[in-house]
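Engineer: Okay, so TrEMBL annotates it like this:
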- A:21-41: transmembrane segment (TRANSMEM)
- A:53-70: transmembrane segment (TRANSMEM)
- A:69-274: domain 'ABC transmembrane type-1' (DOMAIN)
- A:77-97: transmembrane segment (TRANSMEM)
- A:103-124: transmembrane segment (TRANSMEM)
- A:131-151: transmembrane segment (TRANSMEM)
- A:157-179: transmembrane segment (TRANSMEM)
- A:205-231: transmembrane segment (TRANSMEM)
- A:251-274: transmembrane segment (TRANSMEM)
Amino acid sequence: MTRRNFASRAAGPLLLGVPTLFLLALFVVPLASMVVLSFWRTENYHIVQDWNVGNYVTLATGGAYVTFLIRSLVMATVVSVVSVAVAWPVSYAIILYGGRYRLLFTLAFAVPFLTGEVLRVIALQGLLGPLGLINGVLMALGAAPLRFIMYTNVASAIGLVYLYLPIVVTVIYLSLLNFDARLIDAAKIFGASPLRAFFEVTWPLNLFGTLIGFALCFIPCLSATLAPRFLGGPNGTLYGMAMAQQFGESGTWALGAAMGVVLFLTSILAVLAIGMRVNLRRTGFTGFGRG
Amino acid sequence: MYITLDGVSRQYGSVWAIDRVTMGIARNEFVSLLGPSGSGKTTLLRIIAGLERPSQGRVLIDGVDVTELPPHKRGVAMVFQEFLLFPHRTVWENLAFPLRMLKLPAAEIEERVRWVVGILSLGGLEKRYPNQLSGGQQQRVALGRGLVGRPKALLLDEPLANLDRELRQEMEVEIRRHQTALGIPFIYVTHNQEEALSMSDRIAVVRRGRIEDFAARTEIYDRPKTAFIAQFVGRSNRFEGTADAGGNRLATRCGARLALPAPGLTPGSPALAFIKNEKLRLDAAGTGAASGPNRIACTVKDVILRGAYADYILAFGERELNASRPRSERSFLAGEPVLASFAPGDIDVFDEKGEQAA
């Protein structure tokens, strides 16, 4: 075997192997340890290694954990739908009218990322809170303050949309950027009105990108901690927030680990549920190669 | 006329991409818009389609002023250079698309798609997606999608530019056959003169947003109206020279003397002449007078075999001449001295503005 031949043979395993090791070390191992921990117990801030399913029983029956999970699912769904609904016209407008400033517009959406999540949530608290900008101005004008944005689930939802909208805009923008807009011309020539052309061509061909945007918003929303904590009210506890408490104040790490496993499975199920409904061919996906 | 463009202009910024174009196209007619890239021919097609609005002028289709109508209300169809098939739809669904938009009953859609699958020999490919087809197959689907809705006119924007030569020639014959069978006008945009010549009834030569000439294909080829057309259509030998005192002879810069069929040049003025490669007759040197007008003694530099004919590259002093002769004639070898000659009627002469002079 020649040297070059060997190099080209080694390239495949090497290029695939390194990411595999990376995934194993940083993703699979921590996750596995989390699963193991979820079948142990914590007592007085100590981990007790006796195998049991008590944590899962607690999650299924005790307290408000099921409520938190359902509330989180509803919250994540609403936030993701709103984000997609806002991101679509914004991305579309950037593609259509952005001209040479397209990239600049897209980057501008990422600017809030530069400040960090805590700061962004605090800033929003300053906007929505009882003494915040909106209600402060309203009260100064002698009007009644808007109660539904003060420490409520609506406030949490606004916060989450604010946090994840840039991601959704970026993903949908990239999808539209790869979309051949001349297909719209073709649809129009063959008798489709502009609205019809959108639903026949533009929407299905960007559905895949839209769903990725949806998932990239939905999944972090499920485990969101900061926004509900600072913006949500007494009825605003979300699953992610409750989970964070297990690792913090309560010190019930094993229960927290079990919550993490449930969250992980829920996210996987959500992604699968979306994925099963999508026929990639119907989104113009061409990654199958020819034939 | 079935399709009429009346003083159509299109302005981009300060540039007139289309400048006062007026032309009429009959039902049953195959018309080519022939021009170099950037000449405005595609813009003209998009204006007829409604994808682009004229800044001035009117577009009429079948007697109706459609200038203000959006593309989906014009009833025309189009075949694009990049095919633009819907990638998320099968061949069958792509073909059914125009019919669904017409809201035809399912049975009729089925029948018409079957018809178009038949005439374009797409049988067996109905369930494939566009990216599973070869370039030629995609082209046929694009053509089928254009024909299936029985449009008022079919607009073709360089539809064969992405196909290889052999396939292109096959498709030329096929496209022409469908046009004849369907009896609707085809407006065909191309920069390829061979395509335009092989299919069209009439050719409009487009240059800088204007129609240089719009005439029968034989007219365009045999009697070019301007120097631009003579240069662009067919392959020719170009001569620059000065008219003599009688206005019917041309002394070229390269040393040849051309006798024109009729006087028409201003004596002493500069002029351009073109002689098509196939009009240059070749004889062995020494047969007849070597000097005199319309006779050029030169040497064969190279011979390029094209099958039925041969292209000769001839050396005449500093410059090269090109002659194209059938293989049935006597052939010459590289290095052989030959006498090139031509008839006065085969010279296309233009004055310095490029207008026809004789």
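Here the Cβ of each residue, glycine as well, is placed from N, Cα and C on the backbone.
Note that the structure is predicted; figures quoted are calculated from it, not measured.
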Engineer: Going through A:21-41, A:53-70, A:131-151, A:157-179, A:251-274 one by one, which has the most CB pairs that fall under 8 Å from the transmembrane segment (A:103-124)?
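Structural biologist: If we count Cβ pairs closer than 8 Å to the transmembrane segment (A:103-124), A:157-179 scores highest.
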Engineer: Let me spell it out: take the transmembrane segment (A:157-179), skip the flanking residues so only those 6+ beyond its ends count, and list any with a Cβ under 8 Å from a Cβ in it.
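Structural biologist: Hits for the transmembrane segment (A:157-179): 75, 78-80, 82-84, 86-88, 90-92, 94-95, 106, 109-110, 112-113, 117, 120-121, 124, 128, 149, 202, 205-206, 208-210, 212-214, 216-217, 220-221, 224, 227-228, 230-231.
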Engineer: Under 8 angstroms for C-beta pairs, at least 3 of them, ignoring pairs fewer than 6 apart in sequence. Is the transmembrane segment (A:21-41) in contact with the transmembrane segment (A:251-274) by that rule?
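Structural biologist: Yes, since the transmembrane segment (A:21-41) and the transmembrane segment (A:251-274) share at least 3 Cβ pairs closer than 8 Å, they count as touching.
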